[in-house]
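*Asks:* One structure is given below, represented as structure tokens, and several questions about it will come after.
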Amino acid sequence: MISTLQYIDSQTVTYALAAVGLPLVAAIINLLLPARSGRVGGWISAVTIFLSAVCAAIVFGSIWNHNALHTQQLWFTIGNTAVNAGVLLNNLSAFMLLLVTVIALPVHIYSTAYIKSEEQNRYFTYLSFFCFSMLALVVVDSMILLYAFWELVGFSSYLLIGFWFTRDSAVQANKKAFIMNRIGDIGLLSAIIILFAQYHTFDLVALFGTNGLVFKSTIQNGMWIALTGQMPQVWQYVAFAGIFLAVAAKSAQFPLHTWLPDAMEGPTSVSALIHAATMVAAGVFLLGRVYPMFSADELNMLAIIGCFTAFLAATIALTQNDLKRILAYSTISQLGYMIMAMGINAYASSLFHLATHAFFKCLLFLCAGVIIHEIHHIKEEHQLTIDAQNINNMGGLRKKMPLTFIATLIGCLALVGLPFTSGYLSKDGILIQAFEWAEGKSVWFKIIPIGIFITSGITAFYVARLIFKVFFGEFKLKALLPNVHLHVSDGSWGFRIPLVFLSLCSLFPLFSFNPFSYEHAWLFEGFSLSNNVLGESIYHHVIPVSISVLSILVAGWAFSVYVKQRRLVLSESSFLFKMSYNQWYIDAFYKRVIVKAVLLLSNALYWFDRAIVDGFIQVLQQVTLFLSGLAAWVDRYLVDGFLYLVTQLVKGIGNFFRGFQSGRVQYYLFSMLAAVLAVFIIKLLI
Amino acid sequence: MVSAGLFSIGIYVVLSKQNAIQVLIGIEMMLNAAILNMVAFGKFDKINNAGQTFALFAIVLAAASTAVALAIVLNVYRRHQTIDPGKINQLKD
């Protein structure tokens, strides 16, 4: 299937490969740099990611809304199966390529200022390696390569979460993330195996392309029939479950979402790039790649899970005190939106939201990073024992960090989905389509759009709470240190440039010239699977307005609660508050039930190992010991004893004869006399 | 009888004395006993005075050997600073 490419096409592929390969080069250079090279490594990575972004932009320009480009080469052959490796550039991958590099660029610049210079080599090795695996994941065309880079992305995320590996909590967090992701990986692997068993190919184009094998397969009479064979229908569900597990683990969906908040132990810049903008979007990306294989039931399932996760995470975010954890739960919530959008056939909106979310969530994390950085400086300067990430310690930062404040505000407005921001376009698109989707279905389906609508309101509340607690009111540390002048600022240029850049990207003009209509966003148009004109239903006007009004009302309520110090509606001891504060007890449940069960099982196995296997070996050992003891005894006392006896005998005889050879003349004479006398006596006797 | 007694005394002296000179005297005693025997048994010989003649030869030889032995004793004394035959055991090697 090696196709001869046009010159221009092969050039595009070269650019794509360059975009993917450059970060790897940077990672290798950083790995080889001497440990004390300071900030050189950071700038190498930043420059390569910039070049990578330029290449990605060229690729994007030539692929977007043109024909998809697919080129591959034979990789290896097993039996009759030829496995190809290649590059698939279509709208989705070209867009992801650009998105990842463009998000990574400000994060790289930010990191050069954020990470201590002696740690930069290691940090940028990991970070560039992550960029490489993520970009490769996006462009590859085969399920096997996809799986490989899927794993590599998880691995580099593991490395970066545990970047400060001397902290116990970071080590715990990266282990948790890794194990959770393994569960998903098993799902993906089993899905790939099932798909291969059914279709005999790993090729994404052959599988999911238009007129691909998946399109031509049907489910009839409980059998899953494809051109290449058939198998019971249940396997199709297993494959879906596998894909879903993979997506849930990578994109932090219920029930595998608990690793993401813990992953905030990593450096904040990492959280911004990996755990908010790119890697967690890999799950949504995977859904986009394998989208054609889902049946209607399975899509409903996705919608329900996505909606539930969005709601769950939003309620948890309401009461968290850790700045980064709030953002992490908000990420989970927004990912829930994307998954749900996939489930309700709003494929384009989902990817659109992915893009906008990447920008504003990255922005929010970088702002959080600046704030935490400053608080951390104060903490170290005055040797305080406070938690630098606790929003209860902040407050009133509005005047001290004006740029950060504005950037955070823009990010938050986009997160809530207020007009003139990118979030408004994408989020309202999802909401409108959710309502349209539920139209004409049974009452139960209404739960999803209504749930997601309520979630939007909750989002507005926790976002407002965050803003008010961090930027308004009095600076809480002032109360702790009344006499010291606390120096807090926006930080260096390395912090400011990325913030400004991402703030601009979070506003509407990047995506659409019409700030009120998501359908005119070029991204949305590029992803629309079918060109059917969406009916101008009433929702298009009602939803955005009601969302905005609701958000503003809720934000006002939060203002009255947190700035005016009015009483909370829920007391802190109420059940709902506790439920939210303890993250719905999901972690506790996992710890109680699953971890305990696993521990119990391992203890049982340990006991089995100890008592039965080891016992058997011990018995064997005892028997062997006894036998060898016996052999040793025989050897020592019988064999050695006999030899000893012989030697003693020889020695005795020798000594006896030696006694005569005293060297004294008189003895010789005496013995001679004795001998002569003896001869005479014998002679007399005989 | 005299010669047998003399021989016995000589052998006792040779075996028991701690002084090489005394041992030498013991040897001379035994030698004299043998010469005495020779003279005594010469009476029964068919050839006249053969025993006495032989005894004279033996006396001369004994004197010579005594001289040699004394020289050896002198050398031994020079080397070992002692003439106790019980303490000289170099012969065993």
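Quick reminder: no glycine exception, Cβ is built from N, Cα and C everywhere.
Given the structure is predicted, the values throughout are model-derived calculations rather than measurements.
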*Asks:* State the residue range annotated as transmembrane segment by TrEMBL; the candidates are A:403-424, A:469-490, A:601-622.
*Replies:* A:403-424
*Asks:* Is it possible to list how many residues within the domain 'NADH-Ubiquinone oxidoreductase (complex I) chain 5 N-terminal' (A:75-124) are helical, extended or coil according to DSSP?
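*Replies:* Going by DSSP assignments, the domain 'NADH-Ubiquinone oxidoreductase (complex I) chain 5 N-terminal' (A:75-124) contains 32 helix, 13 strand, 5 coil.
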*Asks:* Same chain only, please: residues at least 6 beyond the ends of the transmembrane segment (A:299-319) with a C-beta under 8 Å from a C-beta of the stretch. Say none if there are none.
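*Replies:* For the transmembrane segment (A:299-319), the far contacts come to 240, 244, 248, 253-254, 257, 287, 325-326, 329-345, 447-448, 451-452, 454-455, 458-459, 461-462, 465, 577, 579-581, 583-584.
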*Asks:* The transmembrane segment (A:403-424): which same-chain residues, six or more beyond its ends, come within Cβ distance under 8 Å?
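*Replies:* Cβ under 8 Å, 6 or more out: 330, 334, 356-357, 359-361, 363-364, 366-368, 370-371, 397, 456, 459-460, 463-464, 466-467, 470-471, 490-491, 496, 499-500, 502-503, 505-508, 510-511, 515-516, 544, 547-548, 551-552, 555.
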*Asks:* Quick check: do the transmembrane segment (A:326-348) and the transmembrane segment (A:444-468) share at least 3 Cβ pairs under 8 Å, counting only pairs 6+ apart in sequence?
*Replies:* yes
